[in-house]
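Chemist: Could you have a look at this structure, given as structure tokens, before my questions?
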Amino acid sequence: MDVTRLLLATLVGFLCFLTVHSHLVFEETLGDDRSLKSNSSINSLDFSSVSIVALNKKSKKISRKEAEKRKRSSKKKASIKKVARPPPPSPCVATRDSCKPPAPACCNPCASCQCRFFGSACTCRVLNPNC
């Protein structure tokens, strides 16, 4: 019975060695100049050359103008989407201020009173910024 255990232990050890050895990455030695040359020639053919060109002042101005136009158009779209909101009630609580239940409503119509820690800390918070 001891012989079978010894054989099983040897077999398990050999299998562990094979699995570890099969997953190791083989390092290239400096003596393999042929493989290095073939790899470098393949790599140089695969990638096209990249040239870095400095932008002149005119192209910078054009890109700034385009950015400003985009910014203006996004502001116009945002202003169009806004709907007239009802005026806030006269006694109201500002955003991020304490709004315990006896306090009046929040000034921002998109804000709501949110309580934490079993209702001990309540603040007016805007949950949906696109309200």
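Including glycine, each Cβ sits where the backbone N, Cα and C put it.
The annotation compositional bias 'Basic residues' is assigned in Swiss-Prot to 70-84. If you look up Swiss-Prot, you'll see Cys92-Cys107, Cys99-Cys113, Cys106-Cys124, Cys110-Cys131, Cys115-Cys122 marked as disulfide bond, on the strength of sequence analysis. Per Swiss-Prot, domain 'Agouti' is recorded for 92-131. Taken from Swiss-Prot, the feature N-linked glycosylation site covers Asn39, and the record attributes it to sequence analysis. The region 'Disordered' annotation in Swiss-Prot covers 58-96. Annotation comment: Swiss-Prot describes 1-22 as signal peptide, evidence class sequence analysis.
For the listed features, I'd like the structural context: burial, neighbours, distances.
Modeler: Reduced to three states, the DSSP call for Cys107 (disulfide bond) is coil.
The Cβ of Cys99 (disulfide bond) has 23 other Cβ atoms within 10 Å, all protein chains considered.
For the recorded site, Cys124 (disulfide bond), the DSSP three-state label reads strand.
For Cys110 (disulfide bond), the number of other Cβ atoms no farther than 10 Å from its own Cβ, over all displayed protein chains, is 14.
Look at Cys115 (disulfide bond): DSSP puts it in a strand.
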Chemist: Once the chains shown are all counted, how many other Cβ atoms turn up within 10 Å of the Cβ of Cys122 (disulfide bond)?
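Modeler: By my count, 18.
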Chemist: If I take every residue in the domain 'Agouti' (92-131) and average their pLDDT values, what number comes out?
Modeler: 81
Chemist: Looking at the disulfide-bonded residues Cys92, Cys99, Cys122, Cys124, whose Cα is closest in space to that of Cys110 (disulfide bond)?
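Modeler: Sorting the disulfide-bonded residues by distance from Cys110 (disulfide bond), the top entry is Cys124.
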Chemist: Near Cys106 (disulfide bond), which residues of its chain come within a Cβ-Cβ distance under 8 Å, counting only those 6 or more away in sequence?
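Modeler: In sequence order, the residues whose Cβ lies under 8 Å from that of Cys106 (disulfide bond) (at least 6 apart) are Cys92, Val93, Ala94, Thr95, Cys99, Ser112, Cys113, Cys124.
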Chemist: Highest Cβ count within 10 Å among the disulfide-bonded residues Cys107, Cys124, Cys131: which residue is it?
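Modeler: Comparing the disulfide-bonded residues Cys107, Cys124, Cys131, the most crowded Cβ belongs to Cys124.
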